[in-house]
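Notes follow the structure.
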Amino acid sequence: METVRRLGQHVSGKKPGLAHEAGLARTVSSEAKLADLGYEQGMLGFSFSIVTCWTALAGVLIVGITSGGPPVMVWSWIAISICSLFVAYSFAEMCSAYPIAGGQYSWVAILAPKSIARSMSYVTGWFMITGIVAMGATNNFIAANFVLGMVVLNNPGYVIERWHTVLLTYLIAMLAAASNLTLSRFFERLSTGILVWNVCSFFIVIITILATNENKQSASFVFTEFQNDTGFASGGMAVMIGLLQSFFGMCCYDAPTHMTEEMLNPSVEAPRVIVMSVYLGAITGFIFLVSAFFCTSDIESVAGTATGVPVLQIFADSTGNIGAATFLGSLIAVIVLVCANSLMAEGSRSLYAFARDHGLPFSKIISSVNKKRAVPVFAILLCTAAQMVLNSLYFASYEGFSTVISISTFSFYLSYGMPLLARLLNLKTHRLIAGTAYSLGKYGPWLNAAGLLFLFFAGIDFNFPQVGPVTADNMNYCSAAFGVIGTIAVVTWFGGARKRFTGPDVQTQGQSVQMAFEDQVMTSDNEVEKSRSVIGSEEEKKA
């Protein structure tokens with residue numbers, strides 16, 4: 001029997017809890033194994049639709065163009081991709097041992113020293129859900145910019161107002177919520193389909209702009225010519241700001257961990273998908289950056305494009321045709337819109353898991369699951385409302401919303417670093433994850449340390465101002481937002497959460513993981529009984 005941890009199975013009339021509370025199992029037949037392979041492809045599509053580095057880079061290309069230019073983005077992308085693998089491999093090992101929807105905060109509760117495990121887990125949970133919700137709002141903003149940018153491309157007289165963008169982000173958030181509420185049973189097919197769409201779109205975009213652009217830049221422009229339009233005299237400051245695009249582009253690869261309770265074989269599937277997502281993202285992101293910069297005819301016109309989306313201007317300049325540029329832009333727009341759906345799923349499952357462990361106010365309501373649709377309805381609605389509130393900041397100013405963009409990645413990276421720190425603070429926990437389906441062996445702690453140093457550096461970088469000279473209007477308020485979130489976590493912890501927050505059920509969870517690991521080498525009940533019969537007959541003959 002193979003243990004299957006599914007969110008929808010939490011509604012069998014029992015109190016909502018961890019997947020093992022449902023006590024459900026499934027026989028693995030050859031057909032089920034084939035279905036499992038298909039589900040892994042679907043989960044890779046789900047994860048890649050969130051990580052999808054090349055489209056994320058396309059959405060924030062303007063940051064790097066003015067901050068160091070092409071060489072900073074290209075070379076930093078290689079370095080950050082390699083460093084991200086340190087974190088991804090560490091996550092894969094932890095997820096293999098503890099495939100829990102809570103992800104980072106659950107691993108902290110399990111691996112940290114006992115004296116600080118619950119409090120450290122609680123703070124991690126707050127930053128994790130903040131990062132996911134803020135990233136959803138950021139993605140809605142990027143999607144809205146793509147749609148409105150294509151409108152400007154086809155109608156140059158149209159002027160984008162901030163309220164146009166905000167209302168469109170509302171629509172995108174509500175559509176993602178509606179999809180999560182009513183179409184969750186089709187997510188596997190959608191995820192597999194968007195994986196194919198993503199890969200095909202990537203090749204179509206790259207081949208088209210390289211084939212049609214007749215004024216390509218030189219190799220020196222792409223790899224060595226430094227640009228500094230940040231307002232800071234220091235080239236080092238420009239480089240630090242230019243790194244932000246790559247940090248943002250290589251993010252969210254923890255997504256599979258929050259969907260483990262809807263996988264057939266999470267201890268094997270999720271770790272593999274985490275690592276594959278980073279490799280795919282790194283390769284496609286590098287090829288996209290190099291291709292886009294070779295096709296950047298005029299960096300000033302691209303940076304100041306009326307569309308607000310530099311990559312759309314690159315498409316228009318390369319093809320010389322508005323229709324073709326719109327077509328290429330629409331390919332990316334579809335991916336970003338589907339990403340909104342995936343981030344809504346990830347965000348709602350994270351809120352559900354954190355509330356299930358009593359980490360949020362009104363936890364009983366938020367962690368409830370609709371029996372008919374097998375989805376956490378209130379968690380989805382809460383995630384939608386939170387995204388819309390964050391998008392509303394753009395009504396005030398772009399600078400105000402830029403803090404949301406910064407805090408989304410900063411919170412992710414902070415939540416990524418906490419389980420790595422927890423393991424290093426308590427190295428004896430190495431034995432708790434050794435020997436699992438995805439074990440790093442003796443190299444695990446070293447990769448944890450390397451990944452933690454990388455995340456620490458990234459966290460510092462996100463607090464630098466991005467435009468000079470620095471004023472109250474263009475100041476980076478990421479550190480202030482960090483202080484607010486940290487204060488909320490501390491106040492709520494001492495205000496009652498320390499009494500009600502349970503964290504994951506470590507002992508039972510470990511038993512579930514061990515059962516799942518042992519089940520990987522089993523086939524079905526019938527085959528086991530058949531084997532026992534054969535052994536019994538042989539023993540009788542020997543007697």
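Every residue, even glycine, has its Cβ placed from backbone N, Cα and C.
Caution: TrEMBL annotation is automatic and unverified by curators.
Straight from TrEMBL, the features:
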COMPBIAS  527-543  compositional bias 'Basic and acidic residues'
REGION    523-543  region 'Disordered'
TRANSMEM  43-66  transmembrane segment
TRANSMEM  72-92  transmembrane segment
TRANSMEM  123-143  transmembrane segment
TRANSMEM  163-183  transmembrane segment
TRANSMEM  195-212  transmembrane segment
TRANSMEM  232-253  transmembrane segment
TRANSMEM  273-294  transmembrane segment
TRANSMEM  322-344  transmembrane segment
TRANSMEM  374-395  transmembrane segment
TRANSMEM  401-422  transmembrane segment
TRANSMEM  443-462  transmembrane segment
TRANSMEM  474-494  transmembrane segment
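No contact links the transmembrane segment (232-253) to the transmembrane segment (195-212), because fewer than 3 Cβ pairs that are 6 or more residues apart lie under 8 A. Segment contact is absent for the transmembrane segment (474-494) and the transmembrane segment (273-294), given fewer than three CB pairs below 8 angstroms at sequence separation of 6 or more. Across 72-92, 163-183, 273-294, stretch 273-294 shows the highest tally of CB pairs under 8 A with the transmembrane segment (195-212). Counted over residue pairs 6 or more apart, the CB atoms of the transmembrane segment (163-183) and the transmembrane segment (401-422) come under 8 Å in fewer than three pairs, which marks the two as apart.
Counted over residue pairs 6 or more apart, the CB atoms of the transmembrane segment (401-422) and the transmembrane segment (273-294) come under 8 Å in fewer than three pairs, which marks the two as apart.
Beyond its flanks by at least six residues, the transmembrane segment (443-462) meets 83-84, 86-87, 89-90, 93, 240, 243-244, 247, 406, 409-410, 413-414, 416-417, 420-421, 423-424, 427, 430, 433-434, 476, 478 of its own chain at Cβ-Cβ distances under 8 Å. Remote same-chain partners of the transmembrane segment (374-395), defined as residues 6 or more beyond its termini with a Cβ less than 8 Å from a stretch Cβ, comprise 6-9, 11, 133-134, 136-137, 140-141, 162-163, 165-166, 169-170, 173-174, 176-177, 180-181, 184, 344, 347-349, 351-352, 355, 365-368, 401, 403-404. Simply put, out of 72-92, 273-294, 322-344, 322-344 has the most Cβ pairs sitting under 8 Å from the transmembrane segment (123-143).
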